[in-house]
Amino acid sequence: MSQDSQHGKWSISSSDDDDEDPLPSSGSSSKPGQAADSNHSSKREPVAAAAVVKSEPNNGAASLLAIGSEARQAAHASQLNPVKYESSPSMAGKRKKEALEDLGWALSDSDDDGAGGEKGKSLRDLPKRSPPSPKAKKVKEERPPSPHGRVYYIDEPQDFFEASVPHLNDTYRFYLNKVTGLDKKFNTGALHIRDILSPLFGTLKESVQFNYCFDIAWMVQQYPPEFRDRPVLIVHGDKREAKARLVQQAQPFPHVQLCQAKLDIAFGTHHTKMMLLWYEEGFRVIINTSNLIRADWYQKTQGMWMSPLFPRLPKGSPASSGESPTFFKKDLLEYLASYRAPELTDWIQRIREHDLSETRLTPDSHTFTWIHMQVHTVHTDHTQPFPDEESWPVIGQFSSIGSMGLDKTKWLAGEFQRTLTTLGKSSLRSDPTIHLVYPSVEDVRTSLEGYPAGGSLPYSIQTAQKQLWLHSYFHRWKADTTGRSHAMPHIKTYMRTSPDFTQLAWFLITSANLSKAAWGALEKNNTQVMVRSYELGVLYLPSAFNMKTFPVQRNPFPVSSSSSGFPVPFDLPPTHYSTKDQPWIWNIPYSQAPDTHGNIWVPS
């Protein structure tokens, strides 16, 4: 079966046409053929990665299983013996043909031309079907595995981490992560996890880490020595083998306890990324987009919202005390209660005892969102129509894509678009333009990480070939204003902008990728929303800041504490794909040009 579009042509076997995505691995919680969320899909067993992890257990992949991201496991295993770029087209073609035969589908040679010779690369020869070799000796004190192998990570300079309270944007409290290898200017006002957990922001007593992927040993090292033995509760969604691996990771750390999120809906995942920090001085919430593994805090673009320090309420305060105008406290408590977890009972009580109303006194008012119907409700209740609203486009930016259906009306331009464009109580409007920002093959090839960055962008060929109509919406990842054009995005943001891209009607940072599993889909005659996964984000509304719209900050770095502009993490207006651009697809080979590390990409 051959599929054509201006952004690529792929040929796949008819057997693959029947199954949208590879089946999840044991212990995975992603739905086959759907939730291709960056982290969701990375825990699935991709077709291209299964052979690496299973057939060569002693090639370095075994130690990587603790991370829980099989996309990154495969990339890491491959980088131990990377395939270097070879100018000989016969060798590249041979390696490519072998890979495709092993996967059970074929990519026509015309695809090379369609990419303008800029197709991506991979990382190693296909695994030989030979008996496993003896186990390699464990490397003492080795760093958490990198997609590039053990030697890839470099130490950050001494001034990379904050030594004093940094200058931050106190208006919006929205921050990007620090990226290793950037000019210092673009990290000034950005935050690393070590900065967040440092004494600069409070004297830590206990913390909770909600996330999807964990490297517990690495996580513990990010706490400063004086806080490193303080109690930490990990909230996760792992089951069976994955849960057993997580329990094993936690064994050396008696102060680390685990809490399993209840996943009552089949194939749901716990994708929320949040920190609850309890200090001697008060309480703080951080909602971010990074997994608790080093690769996510190294050379990727991530984002976070960090709350102010919430003080403790006077004893005997009424239960309704400490609320914000947008019911921030109520939403947070309801979200935590939805876990039905005894381990969170004390935390719920602690939050009740703190004053979260500062968001009303300063322009720090935000609303939690975890299903798109709530976004719809918030828009309706807290925003007003404005002239020419139908000309204001919506931008969605994400790191993975699920199944959208046979055409745009099935979900994207239906309930999803209505959710993101309903402002005020007006229902008589034309549908605005939707721009989707997702890295192209060339974006990944020329990134700081090279092709292995694509291990965190798990858009599969099985899904892509069924929705070629979607690719006409795609725009490149370009972030020159924040210095992050070559730091591939794991951040997820959605916004509505003015036609000239200078104003925002609202802005959302969230864990949710572009998938029905993350955002939900209407069922039962549109009377019920099915949301499979735990997702959490923060929605910025101008009305909460006494503004009509947010002005876009054109030069977010270095950060200014008094800036009134909103620091959008990528360039506006977005750059539409050219006819030669193709969206990054993680389970097909790219062997026509080397990446920034001289490697090619051959899934195995």
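Using N, Cα and C of the backbone, Cβ positions are placed for all residues, glycine too.
Noted in TrEMBL for the protein shown:
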type     : residues : note
REGION   : 1-58     : region 'Disordered'
REGION   : 71-149   : region 'Disordered'
COMPBIAS : 116-128  : compositional bias 'Basic and acidic residues'
ACT_SITE : H271     : active site, nucleophile
ACT_SITE : H490     : active site, proton donor/acceptor
SITE     : S515     : site 'Interaction with DNA'
Per 10 Å Cβ neighbour count, which of the recorded positions H271, S515 ranks highest?
H271
If one measures from the C-alpha of S515 (site 'Interaction with DNA') to the C-alpha of the residue listed as 'active site, proton donor/acceptor', what distance in angstrom results, rounded to a whole number?
15
What is the interatomic distance between the Cα atoms of H271 (active site, nucleophile) and the residue listed as 'active site, proton donor/acceptor', given in whole Å?
13
Hey, what's the Cβ neighbour count for H490 (active site, proton donor/acceptor) at 10 Å?
25
